[in-house]
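According to TrEMBL, the protein has these features:
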- Glu35, His36, Thr37, Asp38, Tyr228: substrate binding site (BINDING)
- Ser69, Gly126, Ala127, Gly128, Leu129, Ser130, Ser131, Ser132: ATP binding site (BINDING)
- Ser132, Glu164: Mg(2+) binding site (BINDING)
- 11-57: domain 'Galactokinase N-terminal' (DOMAIN)
- 96-183: domain 'GHMP kinase N-terminal' (DOMAIN)
- 287-361: domain 'GHMP kinase C-terminal' (DOMAIN)
- Arg29: site 'Transition state stabilizer' (SITE)
Amino acid sequence: MTDAVASAQHLFAEQYGRRPAGVWSAPGRVNLIGEHTDYNDGFVFPFAIDRRTTVALGDRDDRVVRVSSTFSPETIEVHLDALTPDAVSGWAAYPLGVVWALGESGADLAHVRGVDLHIDSDVPVGAGLSSSAAIECAVALALDEHWGLGFDRPTLAKIGRLAENRVVGAPTGIMDQSASLLGEADAAVFLDCRSLDTDVIPLGFTEAGLSLLVIDTRVSHAHATGGYAARRASCEAGAAALGAESLREVRVDDLDRARDLLDDETFRRVRHVVTENQRVLDTVRTLREQGPGAIGPLLDASHVSMRDDFEISVPELDLAVETAQANGAIGARMTGGGFGGAAIALVIDDLVPVIARKVVEAFAEHGFREPGVFTVHAAEGARRDA
Ligand code: GAF
């Protein structure tokens, strides 16, 4: 039994005074490339990471669901018959939103008994590594198996997204939940967000002597407000102005025509998404044909596109990327929704300590908060642990 499982069982017993019936877990994710393409029906290439959220679950005799966690002192409870999208807020919107979304997606919850849930996590919150999807997917898999609902993983990913869109209120796409549920060790999930076809592709980082460094800027972001929704709205407006159902239908060759039809800002938003989709395809092909050491320029170009065209970077992310590149990273880019969160750098193993130190020094010189710098490995997706 791993420490995380023993700890989840212990914390559940402390909270609820009995042993849990089971423990499930789901990982956070790093997106290797393909940013803000998921809600445009495009391509993404994320992987599940070795940072996980655990959910310990115990049965109840009534129809109440209680949730507690190590990141908040409060225990929230709601009756299954009273669960609506407006009935919950704060961190509990993630787990209880999933309970609502299961029912909304066709699960017959009229006869299930309530549960107690205790949630623990080592996915950093606000770092752009999708701690939210990790909670949603761990809870979705736990309840699906415990209640015998029989949903498959792609449907559970949609259920997690529905909770996030309708209960948390963030208009996000399907990428994070797909990575958390479908990820495999040492591989990334190439996902077509229109067909939802997936291909799990070995990354080969370890064999190539490469490490993936995460630089958490500690600039926190939230996707329920502000820039994320504005970017999504620009993409939808751009697609409509071009007569396309989604930006997935727009090709790099169409961009000259798009420039004449769109205002400058909308054009740049569209150009990011269209070129990013192509970069995902190029990354997958390059990885397969030449190995991970050859994908660096695509990662670098992705960052420039997010910085200049999509305008979702912040000075801390740019500094992290530039410092990693200047000190020998193979490629670097911000990852996730932007406006804060983390950058990633693909780095030769021997250079990890050097680049980590240089980034910390550069942040200090600029008067920025000290970043968190650590390596991650591609790990298995959501699972039952005990
Ligand atoms: C966030 C969202 F949750 C994802 O759906 C995706 O849009 C990402 O930002 C940007 O690529 O993580």
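Each residue, glycine too, has its Cβ placed from N, Cα and C.
Shown on the structure are the features that TrEMBL records.
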| residue | record | DSSP (3 states) |
| --- | --- | --- |
| Arg29 | site 'Transition state stabilizer' | strand |
| His36 | substrate binding site | coil |
| Ser69 | ATP binding site | strand |
| Gly126 | ATP binding site | coil |
| Ser131 | ATP binding site | helix |
| Tyr228 | substrate binding site | helix |
### Listed binding-site residues adjacent to ligand 1, that is, members of Ser131, Glu164, Tyr228 whose C-beta is under 6 A away
none
### Query
Which one is it: of the binding-site residues Gly126, Ala127, Gly128, whose Cα lies the shortest distance from the Cα of Asp38 (substrate binding site)?
Gly128
### Task
Within the same chain, and leaving aside Glu35, His36, Thr37, Asp38, Tyr228, name every residue whose CB is within 8 angstroms of the centroid of the CB atoms belonging to the recorded substrate site, in sequence order.
Gly34, Tyr39, Asn40, Val44, Gly173, Met175, Arg231, Val273, Glu276, Gly337
#### Entry: Spatially closest candidate among Arg29, Glu35, Thr37, Tyr228, the listed recorded positions, to Ser132 (ATP binding site) (Cα to Cα)
Arg29
### Query
About how far apart, in whole Å, are the alpha carbons (Cα) of Ser131 (ATP binding site) and Arg29 (site 'Transition state stabilizer')?
8
#### Entry: Residue from Arg29, Ser69, Ala127, Glu164 whose C-alpha is spatially nearest that of Glu35 (substrate binding site), among the recorded positions
Arg29
### Summary
Cα of Leu129 (ATP binding site) to Cα of Arg29 (site 'Transition state stabilizer'), in Å and rounded, measures 5
### Query
With DSSP helix as H/G/I and strand as E/B, how many residues of the domain 'GHMP kinase N-terminal' (96-183) fall in helix, strand and coil?
49 helix, 7 strand, 32 coil
#### Entry: Among the substrate-binding set Glu35, His36, Thr37, Asp38, Tyr228, as the record gives it, the longest Cα-Cα distance in Å
13
